[in-house]
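Chemist: Pasting a structure below so you can have a look.
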Amino acid sequence: MKVTVVGAGAVGASCAEYIAMKDFASEVVLVDIKEGFAEGKAMDLMQTASLNGFDTKITGSTNDYTKTANSDVAVITSGIPRKPGMTREELISTNAGIVKTVAENLIKESPNVIIIVVSNPMDTMTYLAHKATGLPKNRIIGMGGALDSARFKYRLAEATEAPISDIDGMVIGGHSDTGMIPLTRLATRNSVPVSQFISEERMQEVKEATKVGGATLTKLLGTSAWYAPGAAVAAMVHAIATDAHKMFPCSCFLEGEYGLNDICIGVPALIGANGVEKIVEIELSATEKEELTNSAEAVSKTNGLL
Ligand SMILES: NC(=O)C1=CN([C@@H]2O[C@H](COP(=O)(O)OP(=O)(O)OC[C@H]3O[C@@H](n4cnc5c(N)ncnc54)[C@H](O)[C@@H]3O)[C@@H](O)[C@H]2O)C=CC1
Ligand SMILES: O=C([O-])CC(=O)C(=O)O
């Protein structure tokens, strides 16, 4: 499998590293607009190959998309990250132009590619990539829910003092500080509802900490996070490579699912060789439905700024 990662910055390089470490791709091409940057990152990563035991070939390219030709999967991480105090939505004016151009360049060289959008505001950038490329909806996926769910599990494990491997949980909705919906009702510790281990008040704290997970890290780091985002993308690319039909909450183009239309937003989906193999419609409580409706309204409002 050939994978292109556009943007060789923090998230792009982390994503390339995790993909290489899993050793399932024949080639990863890093692309960046900064002269020599992707080539440098690729060379540095390749010099870890004998130490970390992978055979994936990583190459770099300064904005030359012919090097990306016939990619099976392309990940878009190009664009600016937020600074402390900013929302993801504030990045739209810079990132929309970048994501649109990059998506158009990618499909010229790789007409059969599956695109995973990471750049923020991610749900709106996924919608934009969908509109700009006209690719079938199964081949444009936004990465947000996989990361948000990993952060939810981290917070649940912390609150229950359980090993993370005991914990399961999922976050749906928009990938924003206010739009995420950690499904606390469905979170489990080894099949037992987490609500049996912690108070309702503690559960609310976990929910709120999960929603601002990206903002918390941005405040600590001075820029947004990259390890967990890179790992979340690598997990999704691996599911495509292995046709795993693994369930990830991710930003999918909806046509009536969950009562929503003409929007990309986080819902559970089975990810396999064709990208989104199936959107899974789980039964939501009345409160969860209301939260999803509100979250979708906010995403649509941001889409209106395109
Ligand atoms: N969806 C999610 O869960 C997450 C999204 N993000 C988003 O990912 C994006 C990247 O974040 P970082 O890697 O931390 O930023 P970064 O600044 O470290 O890297 C971005 C890279 O994109 C490159 N770039 C800019 N315009 C380009 C173009 N037209 N073509 C090719 N490359 C171009 C830059 O030169 C830079 O190297 C941000 O928008 C951030 O908000 C970050 C973490 C998680
Ligand atoms: O917080 C940000 O701006 C980057 C991001 O999407 C995340 O880490 O969840």
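Backbone N, Cα and C atoms are what each Cβ position is placed from, and that goes for glycine too.
Note: TrEMBL annotation is automatic and uncurated.
Pulled the feature table from TrEMBL, pasting it below:
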| type | residues | note |
| --- | --- | --- |
| DOMAIN | 1-142 | domain 'Lactate/malate dehydrogenase N-terminal' |
| BINDING | GLY7, ALA8, GLY9, ALA10, VAL11, GLY12, ASP32, ASN95, VAL118, SER119, ASN120 | NAD(+) binding site |
| BINDING | ARG82, ARG88, ASN120, ARG151 | substrate binding site |
| DOMAIN | 147-298 | domain 'Lactate/malate dehydrogenase C-terminal' |
| ACT_SITE | HIS175 | active site, proton acceptor |
Chemist: For ARG151 (substrate binding site), what is the secondary structure state per DSSP, taken as helix, strand or coil?
Modeler: helix
Chemist: Would you please pick out, from the binding-site residues GLY7, GLY9, the one with the fewest other Cβ atoms within 10 Å of its Cβ?
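Modeler: Among the binding-site residues GLY7, GLY9, the lowest count of other Cβ atoms within 10 Å belongs to GLY9.
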Chemist: Just to be sure I understand, if DSSP states are collapsed into helix, strand and coil, how many residues of the domain 'Lactate/malate dehydrogenase N-terminal' (1-142) fall in each?
Modeler: 68 helix, 28 strand, 46 coil
Chemist: Which ones, of the recorded positions GLY9, VAL11, ASP32, ASN120, HIS175, have a Cα no more than 10 Å from the Cα of ARG88 (substrate binding site)?
Modeler: ASN120, HIS175
Chemist: Looking at substrate and its recorded binding residues ARG82, ARG88, ASN120, ARG151, figure out the farthest C-alpha pair and report it in angstrom, whole number.
Modeler: 19
Chemist: For the residue listed as 'active site, proton acceptor', name the DSSP secondary structure in the helix/strand/coil scheme.
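Modeler: In three-state terms, the residue listed as 'active site, proton acceptor' counts as coil.
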Chemist: Which value does the mean pLDDT take for the domain 'Lactate/malate dehydrogenase C-terminal' (147-298) in this predicted structure?
Modeler: 98
Chemist: Measure from the CA atom of ASN120 (NAD(+) binding site) to the CA atom of HIS175 (active site, proton acceptor) and give the result in Å, rounded to a whole number.
Modeler: 9
Chemist: On a count of neighbouring CB atoms within 10 A, which of the recorded positions ARG82, ARG88, ARG151, HIS175 is highest?
Modeler: HIS175
Chemist: Listed binding-site residues are GLY7, GLY9, ASP32, ARG151; which sit with C-beta under 6 angstroms of ligand 2?
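Modeler: Checked binding-site residues vs ligand 2; nothing flagged, none.
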Chemist: Express the distance between the Cα positions of VAL11 (NAD(+) binding site) and ARG82 (substrate binding site) as a whole number of Å.
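Modeler: Rounded to the nearest whole number, the Cα-Cα distance is 13 Å.
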Chemist: Measure from the Cβ of VAL11 (NAD(+) binding site) and count the other Cβ atoms within 10 Å, all protein chains considered.
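Modeler: Here the count is 27.
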Chemist: Using the alpha carbons only, what distance in Å do you get between GLY7 (NAD(+) binding site) and ARG151 (substrate binding site) once rounded?
Modeler: 23
Chemist: Within 10 Å of the Cβ of ASN120 (NAD(+) binding site), how many other Cβ atoms can you find? Include all protein chains, please.
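Modeler: The answer is 27.
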Chemist: Measuring Cα to Cα, how many Å separate GLY9 (NAD(+) binding site) from ARG82 (substrate binding site)?
Modeler: 13
